[in-house]
Amino acid sequence: MGWNEWPLMLFTVLAQSAIGAYWLCAFALFTERRDVLARRRLERLMIVVWVVLGAAFLSSTAHVGSPMRGANVLLRVGQAPLSNELFFGMSFIAVGGIAWLLSLFADSSRTLRNALYLLALVLSIALLWNMTRFYLMPTVPTWNTPLTPVAFVVTAVLGGAMLANLLFALAGLASRRLDRLVAAVAVLGLIGGVVAAVVLITTLPGIQTSVHAATSMSPDMGMWQAARFLLLFAAVALVLGQVIVGRRVLPVMVVALLLVLGGEIIGRGVFYALHMTVGLV
């Protein structure tokens, strides 16, 4: 397991979960028009999304040794995926933060907030794409596959569904349609994760260099993947139970979120453990 890369594990899982939660919250803001007060509460609760995203970026600075070095990453915006990642991340937080600040004022323009939400949506997609591009390195054959973007989207979908589900409940946004949407998104994310894991396990034996075989990089991967999916299946089962029963229970939602975060952190640990380069290193 790649536990030594814990700053990046936390960064990618938390940031992608925040992105996915934003997608669902934005959908709710644009489609749920009956309960104006609940929708306004959701807008204000979206501060959680920005806090989680900010915490993700803060944890990533541990990877470069000092938060002060993070500013140096911006020197190659437009050229380096890492620079683009930080640029779009900061832009996403800034635009979303402005929209959140406006939501605190009753007389703020709804049209302006909607425009900011749409801009933030574009920035969130750009952020996720640049997070993916950073790992698509030709010199790292275990990462330079379609499974990397799939894994990142799965985290955004699963983590985002659980975080958004909790925010909907805290906002009092009672909607069977939203409950079913969250459940459907979570199920699709779980299916995508299972398929990606199966493909990864079956294709790893074909990846090797003159020095390393991919299968030797994480010999206990099967055990960790089993633990990961045990947590993910439990979380999705809790969300499905919520839909079947027709009642939200906050402690259960918190547990579901923690289960998904735990499962995806395990999955990301496997991802970093598979790091291997062509050549003699």
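Using N, Cα and C of the backbone, Cβ positions are placed for all residues, glycine too.
What TrEMBL records for this protein:
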- 6-30: transmembrane segment (TRANSMEM)
- 42-66: transmembrane segment (TRANSMEM)
- 86-106: transmembrane segment (TRANSMEM)
- 115-132: transmembrane segment (TRANSMEM)
- 152-174: transmembrane segment (TRANSMEM)
- 181-207: transmembrane segment (TRANSMEM)
- 227-245: transmembrane segment (TRANSMEM)
- 252-274: transmembrane segment (TRANSMEM)
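Looking at 6-30, 86-106, 115-132, 181-207, the range that has the most CB pairs within less than 8 A of the transmembrane segment (252-274) turns out to be 6-30. Taking residue pairs at least 6 apart in sequence, the transmembrane segment (227-245) and the transmembrane segment (115-132) share fewer than three C-beta contacts under 8 angstroms.
A Cβ distance under 8 Å defines the sequence-distant neighbours of the transmembrane segment (152-174), meaning residues of its chain 6+ beyond its ends; these are 12-14, 16-25, 28, 32, 35, 37-39, 41-42, 45-46, 48-49, 52, 128, 131-132, 182, 185-186, 188-190, 192-193, 196, 232, 235-236, 239, 242, 248, 250, 253-254, 256-257, 260-261, 263-264, 267-268. Remote same-chain residues near the transmembrane segment (86-106) are listed as 15, 22, 40, 43-44, 46-47, 49-50, 53-54, 57, 70, 73-74, 77, 112-113, 116-117, 119-120, 123-124, 126-127, 130 (criterion: CB distance under 8 Å, separation of at least six residues from the stretch ends). Within the chain, the transmembrane segment (227-245) has long-range Cβ neighbours (under 8 A, six or more residues past its boundaries) at 158, 161-162, 165, 179-180, 182-183, 186-187, 190, 193-194, 197, 252-253, 255-257, 259-260, 262-264, 266-267, 270.
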